[in-house]
Amino acid sequence: MNQPSSLAADLRGAWHAQAQSHPLITLGLAASAAGVVLLLVAGIVNALTGENRVHVGYAVLGGAAGFAATALGALMALGLRAISARTQDAMLGFAAGMMLAASAFSLILPGLDAAGTIVGPGPAAAAVVALGLGLGVLLMLGLDYFTPHEHERTGHQGPEAARVNRVWLFVLTIILHNLPEGMAIGVSFATGDLRIGLPLTSAIAIQDVPEGLAVALALRAVGLPIGRAVLVAVASGLMEPLGALVGVGISSGFALAYPISMGLAAGAMIFVVSHEVIPETHRNGHETTATVGLMAGFALMMFLDTALG
């Protein structure tokens, strides 16, 4: 009966040990988390007053679109007994391509433009966005390091992961994956510019469909009944509207908060793609199929950005 409290105590001890053994990662997580909190505090009042309330509404609707797409993909698992590993890797590669292109076309480039109007074009603008990129990478690196989770190829990751139920490990992995997507949606609507928000939200929603399906099938593979696996996969999509609120909050406080937050969201998404998604698509020897899927997703996002931007 003391197992949960024992696990919590062990996690606290493991976190302390990891912090001592890897001080740079710990410092990076602390710095990035502090930066996010400061941006959020600075922006929360501004985001909820005046015309910015409309921007919050856009962000929530965008996050809801991501949630609905995840739910649609998860529900598709009810009619599928299984899909081949090659098909799954192609779908995840497609999602990775859309995330990479969204990071470039809908976050980094608009971030550079926004920073250029504040500090002037050139190296100064690039430095502002690069600061955000660094914060995003440090945030996700720290969360990845200190959060127990599991990957199909590398197994248990993070402190005390071997003692946590496999279903919860997958859920934590999904949370780590969906949070930056939701943040990106929120940041893209921070100024109310639909030319930035719509392409990015469309891209994330499109790639959320195969992701939702893959999550439901993965949860079924670790032992959950199909109905419960679908429900958990659907619920995982709630991180997107929650992340969208965080995203619009951190980017609405002051002028430089917007380009910094664009870089932060891009850095977080690129980290997830490189650290999580692409390695998973290569685990079964389907690198070529996954790469073709990635390029198709990248091209589609480029088209969406041109057509809707």
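In case you wondered, yes, glycine gets a Cβ from its N, Cα and C as well.
What you are looking at is a predicted structure, and each value in this text was computed from that prediction instead of being measured.
According to Swiss-Prot, Thr147 and Phe254 sit on opposite sides of the membrane. Together with His177, Glu181, Gln207, Glu211, the Cd(2+) 1 site in Swiss-Prot holds one more listed residue from Met99, Met262, Met295, which is Met99. Glu240 is the residue from Glu240, Glu276 that Swiss-Prot records in the Cd(2+) 2 site together with Asn178, Glu181, Asp208, Glu211. Cβ contacts within 10 Å of His275 (Zn(2+) 3 binding site), excluding its own Cβ and spanning all protein chains shown: 16.
Remark: the transmembrane segment (56-81) makes no contact with the transmembrane segment (288-308), by the rule of 3 or more CB pairs under 8 A. Using a Cβ-Cβ cut-off under 8 Å and counting only residues 6 or more beyond its ends in the same chain, the transmembrane segment (256-275) has close neighbours at 35-36, 39, 42-43, 96, 99-100, 102-104, 107-108, 110-112, 114-115, 118-119, 125, 128-137, 139-141, 144, 176-177, 179-181, 183-184, 187-188, 190-191, 247, 250. Sequence-distant contacts of the transmembrane segment (166-190), counting only residues of its own chain at least 6 positions beyond either end whose CB sits under 8 Å from a CB of the stretch, comprise 47, 55, 58-59, 62-63, 66, 70, 99, 102-103, 106-107, 110, 136, 140, 143-144, 147-151, 156, 196-197, 200-201, 204, 208, 211, 215, 218-219, 222-224, 232-233, 236-237, 239-252, 258, 261-262, 264-266, 268-269, 271-272, 276-277.
Highest Cβ pair count under 8 Å relative to the transmembrane segment (193-222), across stretches 84-119, 122-145, 288-308: 84-119.
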